[in-house]
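Visitor: Here it is: the structure, laid out below.
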Amino acid sequence: MDLIEKSKKYLWLPFTQMKDYDENPLIIESGKGIKVKDIDGKEYYDAFSSVWLNVHGHRKKELDDAIREQLDKIAHSTLLGMTNIPATELAENLVGIAPHSLSRVFYSDSGAEAMEIAVKMAYQYWQNIGKTNKQKFISIKNGYHGDTIGAVSVGSIDIFHKVYGPLMFKGFKTSVPNVYRYPAENPKKCRDEALETLESILKDHHEEIAGLTIESMVQGAGGMIVMPEGYLSGVRELCTKYNVLMIIDEVATGFGRTGKMFACEHEEVEPDLMAAGKGITGGYLPIAITYTTEKIYEAFYDDYTNLKTLFHGHSYTGNQLGCAVALANLDLFKKDQIVQQIAQKSEYLNELFKDLADLPHVGDIRQLGFMCGIELVYDKQTKSPFPFESRVAYKSSLKMRELGLLTRPTGDVVVFMPPLASTKEDLKAMIEIIKEAIKCVSAEEALQIDRKNSQVAR
Ligand SMILES: *Cc1c(COP(=O)(O)O)cnc(C)c1O
């Protein structure tokens, strides 16, 4: 049996309708720099950083070496009740780059776990200090925090989450400031209205609310919704005012992605808890973290018999190979000035987008650093979307694949999240492919809809 047949016979892929996979299978064999190669030798730009992870490109020598070096010592030992060298060194480094409020690091293996842990910490914090009524969470509509049940409970994307409704714990949801869909695209009004909605919920319910969860500056999976200026800092003020812990999700935005080490730095926001993952190992191995303040940490610190311990952990927590490569990743951030570079290169990228924005079915292009989304609409004037069945962004991504570029859309939004190491030439080449694919597929889809409509009219 060849590999493609085996993949169809034995695998069940994450977040994938397997019927789609069966129609368009793909097996990656290797990668180098910002390209990956499939088993037939065809090369593709990794324009979504292998789902938002990759930083320095594939097979980066310093990262490869760090893993090999660690492997000569030990691959894994537990973090339950003891620690290891790279996990300890990495924790110090991570606290060094975090917002000042955050002083402790709790490890896990994925962004969803990191959020799940943040939620449990926030909940138990109030239990431990005797404010036992504070049990609920408030989260932002259209938010995404990962796929475990706790993370799904504070998430709010109907097509992913609705089916699990009865399994989820209940909480409050507040509106998201989506400027593109707001009348006259007025960012200030859009922001103020969202903050007012949030405040009205907090005013009535803060005594039962433990924490607020929010993606930092950009809703990723929800369609690359960039929050208007002053929103995140406004949310911080309200959390402080109503004594609710602010849990920031930097899983997608952290580690330079938006032009700051963490996106909350854009608004000098200091969270109470913060989850990060994805770019932390340069896209190499599954490490994620939950940061907390000393105040939260201290609420768990007591004699064992008082049972204030955080009873949470995973088999591979603090894995040495992962922590070693994360350390090397942070060294490269310094050495290659990754964050400063993104700030610069994203201006160039913004220029490239101007060309794309003129396409007839490109409704909106949203960008913060190297975190970008291109929203396709059927009618640019009315902003009316393509019908759900049309899957215009998905079909565009298949066309991009044909043209030698990989990405994965979220709804009707084409995602562009290239590795941070991408050069200006790389960006230009990638945007050209994306433009070509969008142009061709969106025109074809629109034509089919127009034909159907005119038949109905007749
Ligand atoms: C990807 C993502 C997660 C989940 O991370 P996993 O490592 O896939 O579990 C959580 N939050 C945000 C904002 C993400 O983009």
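Any Cβ shown, glycine's included, is placed from N, Cα and C.
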Visitor: Quick check: of D40, D46, D249, D379, which does TrEMBL put in the same pyridoxal 5'-phosphate site as G111, A112, H314, S315?
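Guide: My reading of TrEMBL gives D249 as the candidate in that site.
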Visitor: Listed binding-site residues: D249, G313, H314, R408. Which have a CB under 6 angstroms from an atom of ligand 1?
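Guide: Near the molecule: D249.
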Visitor: Would you work out the biggest C-alpha to C-alpha distance among Y144, K278, G313, R408, the residues that bind substrate according to the record, and give it in angstrom as a whole number?
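Guide: Between the outermost Cα atoms of Y144, K278, G313, R408, the distance is 31 Å.
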Visitor: Return the maximum Cα to Cα distance in Å (whole number) over the record's pyridoxal 5'-phosphate-binding residues: G111, A112, D249, H314, S315.
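Guide: Site span for pyridoxal 5'-phosphate, by Cα atoms: 23 Å.
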Visitor: Taking the Cβ of K278 (substrate binding site) as centre, how many other Cβ atoms lie within 10 Å?
Guide: 29
Visitor: Name the one residue among Y144, K278, G313, R408 whose Cα is closest in three-dimensional space to that of G111 (pyridoxal 5'-phosphate binding site); these are the binding-site residues.
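Guide: Its closest listed neighbour, by Cα, is K278.
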Visitor: Express the distance between the Cα positions of H314 (pyridoxal 5'-phosphate binding site) and K278 (substrate binding site) as a whole number of Å.
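Guide: Checking the Cα atoms of H314 (pyridoxal 5'-phosphate binding site) and K278 (substrate binding site) gives a distance of 18 Å.
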Visitor: By a 10 A CB contact count over all chains shown, which of the binding-site residues listed here is most packed: G111, G313?
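Guide: Output for this query is G111.
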Visitor: Between G313 (substrate binding site) and D249 (pyridoxal 5'-phosphate binding site), what is the CA-CA distance rounded to a whole number of Å?
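Guide: Their Cα atoms are separated by 19 Å.
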